[in-house]
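Step one of this worksheet: look at the structure below.
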Amino acid sequence: MSSRQVVKKIFANFENSNDGVIRQGITKSDHELLDPFVSLAEFSVSPPGGFRDHPHRGEVIFSFLLYTYTKPTLFYNGGLIHQDFNGNKGTVHEGDVLWTTAGRGIIHSEMPKEHTNIGLQLWVNLPSSDKMIDPANVEISSSEMPVAYEEGVEVKVIAGVSMGVQSPFYTRTPIMFLDIILQPRSQTHQTIPETWTAFAYVLDGNEGVFGSSDSYAVQAHTLVVFGTGDEVSVWNTSNYRPLRFLLIAGEPIGESVVQHGPFVMNTQAEIDRTIWDYRNGQNGFEMAN
């Protein structure tokens, strides 16, 4: 096995808005390096903030609710209430994932039920042949996600496979989406297809070492981009504190990407047409009002 080395580290800085607090890990400047991934954002929202009615086209959105709390030691079973213009509605609770295929167009909202909700949203590009498919929603509860174990390692397999444990959920753009907890002084070596793009995002813990055992530790809220190889190695060098991170990988699409806010297409002409469709309620946005 050839271990992937770290080629770039991106610290996700705070961005405050009326909707909540956002940490943006992937931006437009990273599209070529991280194909097929378009955006990664860690968010913190509480009432009356939230993500009100807004459109999407051309990508798949994974909204992963990490936890809900009011004080660092006091947890609640809160959630994000989501609904869209096709009549789908539900609540995503702690540990759940809302998987939205925007396709040709969708307008939806994600609003906090109560308290402060911490989560992460990943946008995955669709190939040009799939950008105008019908939109769809899938709610994945935490209990439906298989978990892989080995000594000191726990992996929730949201998409893809880890240690022989396969997620039952198929993604149109092939990806791996793993939620990994390493106990103190533990390590893991995860196999990844050699041609896939791969990165990690550190959620909690400041003593994670990625790529090689003599690398510098990475702090929380940092995105770690890996080079080529067929394995990712991670060590938790802490004596006391677990390390939690997401390991995400995907098959590159290899097409041009033009992003305008929540619209992800291949050309500027397609973006212009998408804006026209949205404003005029047509070609996928007929239910906009």
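Glycine is no exception: its Cβ is also placed from the backbone N, Cα and C atoms.
Going by TrEMBL, these are the annotated features:
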type	residues	note
BINDING	His54, His56, His108, Glu110	Fe cation binding site
DOMAIN	35-124	domain 'Pirin N-terminal'
DOMAIN	178-284	domain 'Pirin C-terminal'
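Apart from His54, His56, His108, Glu110, the residues listed for Fe cation, the same chain places the Cβ atoms of Phe51, Asp53, Pro55, Ile61, His82, Asp84, Thr100, Ile106, Ile107, Ser109, Pro262 within 8 Å of the centroid of those Cβ atoms. Neighbour counts of Cβ atoms within 10 Å were compared across the binding-site residues His54, His56, His108; the minimum falls on His54. Taking Cβ-Cβ distances under 8 Å and a sequence separation of 6 or more, the neighbours of Glu110 (Fe cation binding site) in its chain are Gly50, Phe51, Ser63, Leu80, Ile81, His82, Val92, Leu98. Mapped onto DSSP classes, the domain 'Pirin N-terminal' (35-124) shows 0 helix, 61 strand, 29 coil.
Helix, strand and coil content of the domain 'Pirin C-terminal' (178-284), in residues and according to DSSP, is 13 helix, 47 strand, 47 coil.
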